[in-house]
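Annotated features, as they stand in TrEMBL:
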TRANSMEM  12-34  transmembrane segment
TRANSMEM  72-93  transmembrane segment
TRANSMEM  105-125  transmembrane segment
DISULFID  173-192  disulfide bond
TRANSMEM  226-249  transmembrane segment
């Protein structure tokens, strides 16, 4: 009976680690594509904005901006993906060969990872305003370049056109409203009720489309909650994996 249980635990460990190995390899590959493949990034953006008023030229500019500024993110995905995939491979080999010393090392690394993730989750999600404030400040700074010439103006215009037309409950205008564009060279069409006409500051003042700040904050809260739940679920799975490893060591 003990032999059957031991084999069962090791089999579950092998399946668990194999699935995670494939998943982390996929993460690393995505990091490589994020850094090197503009068509892939454009395809992802097109899927996200397909139902919103963002043209292909702006989509291409967004894709190029992401590729040029995603060094840290792509490097993190590549390194983390391959390192964690290697860890899963070690766990799979250790459980298959029944090497208890290797299993103990594997369990120790998993415990450290779980502790680090718990600290990170506690820091970022204990105050949900921390992330939303950072995003609002960054978006407000980029708004200063809306409609301007050059790369900064192109990226700011593309990002804000996407933001102002992205929400299901209707369009929004700037961060606080039409007054954000009082000194700008142009007023976005999203600031007026009719998208077919050229939007002027006077027309925007009459229509009084609300600003995007509240929607940006609410959107950030919603996505942070989803990320938090997924992350906590991942931590629980890792704890379950640690328990399985200790069972494999003892049996």
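Cβ coordinates are placed from backbone N, Cα and C, and glycine is handled just like the others.
These figures come from a predicted structure and were not determined experimentally.
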Disulfide-bonded residues compared (173, 192) - the one with the fewest other Cβ atoms within 10 Å: 192
Mapped DSSP class for residue 173 (disulfide bond), helix or strand or coil: coil
